[in-house]
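Here is what Swiss-Prot records for this protein:
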type: ACT_SITE; residues: Lys35; note: active site, proton acceptor
type: ACT_SITE; residues: Tyr255; note: active site, proton acceptor
type: BINDING; residues: Arg130, Met303; note: substrate binding site
type: MOD_RES; residues: Lys35; note: N6-(pyridoxal phosphate)lysine
Amino acid sequence: MKPFPRAEISGDALKANLKRLRQLAPQSKVMAVVKANGYGHGLLNVAHCLASADGFGLARLEEALELRAGGVSAKLLLLEGFFRPSDVATLVEHDIDTVVHHESQLEMLEAASLAKPVTVWMKIDTGMHRLGFNLDQFEAIYQRLQACANVAKPINLMTHFACADEPDNPATAEQARRFEQMTANLPGDRTLANSAATLYWQATQADWIRPGIALYGVSPVVGDLGRNHGLEPAMELVSQLIAVRDHKAGDPVGYGSYWRAKQDTKLGVVAIGYGDGYPRNAPEGTPVWVNGRLVPVVGRVSMDMLTVDLGLDATDKVGDTAVLWGKALPVEEVAEHIGTIAYELVTKLTPRVAVCLE
């Protein structure tokens, strides 16, 4: 018997999305971003399905070590870099690349005693203003990295876009111009493009692209769908009806009794709630897919359950499947109803949700 709720992960969709992104960036290698437990899809699940990727991008050293322990031998890159002097030796031991975005990291590299140098990606702040060396720091920091025996040569170069998910925003082109101006004629690989830039700013694809959300079949752009770019949703979040009840006009349902039926109907209770990561703030009308149609959430989402209006003539029964998002109901559309982004929905599922590779 399959557990519920569960996130069904399509390995075929993951592979198809990688293939599609290679088609969109044929001159670039792919650094598949699998941070945050593979965007909620399961870190090892995703890495093994995407074994043909040229490398994997991660946020935490622990994630990289989990991949190495799971038999992944591909290039690994720590996108936030390292934070403790002891981490530097771990990078060498497990052959892990690191971003260097702050002088404190450079100081740790300069002070380390290592068996071999570390592969470094120097991050330049071209306009995101979150991580990276300012443009006026670039020359001095680059020369220190060049002089550091613990840094493998050539030094790789990167930046991150603030507004690539706004296809009409000129800020991305300006960031790319600044990057090119600072790095022209320098050796080393370059990476600028995240998912949005890969899809919308082809001129920024460079040596490596760093797709994250697009690998999972989701568009990074609000109001857009992954399928518009030939991508397939890799996650289907499913549960089931655990009750179907006749409900009279005027009667409330759920905590606070704030929703009341305008007419006689049937309500279905779905076994999923905010304890599973489904947003408590999902408003009335948020769609759920039941037996080939969309039905609206009514009443407040509770810890373990939510309620949907099935309609007076519904023939749904206990045990029927309810799809919270997936092929028939894109996660981007659910996110728009709730007032959030698809990234948040797929990454906030709790351990109560079984993640099952199909």
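Note: Cβ is positioned from N, Cα and C throughout, glycine not excepted.
All features noted in Swiss-Prot, drawn onto the structure.
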residue : record                       : DSSP (3 states)
Lys35   : active site, proton acceptor : helix
Arg130  : substrate binding site       : coil
Tyr255  : active site, proton acceptor : helix
Met303  : substrate binding site       : coil
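In sequence order, Gly57, Leu58, Ala59, Arg60, Glu63, Leu79, Gly212 make up the list of same-chain residues 6 or more apart from Lys35 (active site, proton acceptor) whose Cβ falls under 8 Å from its Cβ.
Listed in sequence order, Gly273, Tyr274, Gly275 are the same-chain residues six or more apart from Met303 (substrate binding site) with CB atoms under 8 A from its CB. Note: the CA-CA distance between Tyr255 (active site, proton acceptor) and Arg130 (substrate binding site) rounds to 40 Å.
When Cβ atoms from all protein chains are considered, those within 10 Å of Tyr255 (active site, proton acceptor) total 11, not counting its own. For Arg130 (substrate binding site), other Cβ atoms within 10 Å of its Cβ number 10.
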